[in-house]
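If you check Swiss-Prot, you get these features:
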{"type": "ACT_SITE", "residues": "287", "note": "active site, proton donor"}
{"type": "BINDING", "residues": "172, 238", "note": "Mn(2+) binding site"}
{"type": "BINDING", "residues": "175, 176, 177, 189, 190, 191, 194, 195", "note": "prenylated FMN binding site"}
């Protein structure tokens, strides 16, 4: 499935009953969040609020509010098909040369997909049908949502921030929330290790005193949006990955006021700059943990130009205690992670990030254990292999007879196969999510690994328990007479 832009995707969703138009006037201040939250928790459709109170621009919410809609956005029919996306990423992360003619033939589809990686640069684009600049720039005319009662101000949530470091050819796309503080001012909340922040740091070192160009795209096509939240290899741009998902090159256009390239079909683009030293206190905001976060200082983004499509749609979301849209994205992207991990660690059978663990803070791994200490190796591998898991506080490792996605199984393994002193790994002074207020120091805390596998010689000196198994012949005999027994009739 190929979607040229967000509107193509919305047309498909509406045809499949996955989009609901809301014509009743609804306030972007708290009310849209209340409706979107109730709808998402019920597994409902994406919502297009056509008449937000006080605004002439519609608001799109819950676009990726079910795992299936995430899969559709990636060009797949269902969530299970996302494993194929993961296999492609695993191949791109560590490509292997063909071993012979047959292997070359088998790999041809992957090599063919790589041809769609370069971007296609356009001279003009839908996202520049209207250009607003100078004193006419007014972010207050966009229906930016206030999601929770104690939020500091309206908050942009789904903006794709485009940056480029002074020594880099490829651009970085990142999603960072942005607090509205003036008609042309936003606070760019990016953490120091994220791509945009690193580009900014390099720029300040190379061009002291000069303004750092930044652009933010809102309402891009689904492949580009999802490319920005998927674990693409560092050598692959998000635009290139979006081209792989879509099956056609990503169309981009040069910004009006800077040399950055943005998705040509985006609904809205904010162009501007960040100046070194211009900071502002950001927050508090309710976030994906279910709590309001601390106030901290981040750079100020000054918007000099707004370009947009005719009849532009504002794409937004809310974050709160799971389930929310980030948690749903986590469930779907979980399937992408599995093949990537399995390529590096073939012994891994399954990998699961429970949504109630705030998408990434707890992971359950099942594996085919082969030697003493093997579980701890896998544990350390999860923390170090992909940067997405450096904030995972808890890793539980079980044998392959345990269903990683069934808490009944996992808790049984923990309580029967673990000795707390022997099988618990504690690692101190590691990177922790800035939003994790439970850590003793902001951004620095500990991690815990739980080895809930059967223990091998060298790990225990005791005779290990043998799991109870039914006699299959008895089971077959009872199956034959079960209906006759009429126990539940």
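Keep in mind that glycine also has a Cβ here, set from the backbone N, Cα and C atoms.
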Tertiary neighbours of residue 176 (prenylated FMN binding site) (same chain, Cβ under 8 Å, six or more apart):
159, 161, 188, 189, 190, 194, 196
Return the residue, from the listed recorded positions 238, 287, with the maximum count of other C-beta atoms within 10 angstroms of its C-beta.
238
Expressed to the nearest Å, what is the distance separating residue 191 (prenylated FMN binding site) and residue 172 (Mn(2+) binding site) at their Cα atoms?
14
I'd like the Cβ neighbour count for residue 194 (prenylated FMN binding site), meaning other Cβ atoms within 10 Å of its Cβ, all protein chains included.
18
Widest Cα span across the prenylated FMN binders 175, 176, 177, 189, 190, 191, 194, 195, in Å?
14
DSSP state at residue 238 (Mn(2+) binding site), helix/strand/coil:
helix
Using C-alpha atoms only, work out the spacing between residue 177 (prenylated FMN binding site) and the residue listed as 'active site, proton donor' and round it to an integer in Å.
10
At the level of the C-alpha atoms, what whole-angstrom distance separates residue 238 (Mn(2+) binding site) and residue 195 (prenylated FMN binding site)?
12
Kindly assign residue 195 (prenylated FMN binding site) to one of the three DSSP-derived states: helix, strand or coil.
helix
Other than 175, 176, 177, 189, 190, 191, 194, 195 themselves, what residues in this chain have Cβ atoms within 8 Å of the centroid of the prenylated FMN site's Cβ atoms?
161, 174, 188, 196, 197
Please give me the CB contact count at 10 A for residue 189 (prenylated FMN binding site), counting all chains in the structure.
22
Can you grab the distance from residue 172 (Mn(2+) binding site) over to residue 195 (prenylated FMN binding site)? Cα atoms, rounded to a whole Å.
6
Hey, how far is the residue listed as 'active site, proton donor' from residue 175 (prenylated FMN binding site), Cα to Cα, in Å?
14
Using other CB atoms within 10 angstroms as the count, which residue among the binding-site residues 175, 191 scores least?
191
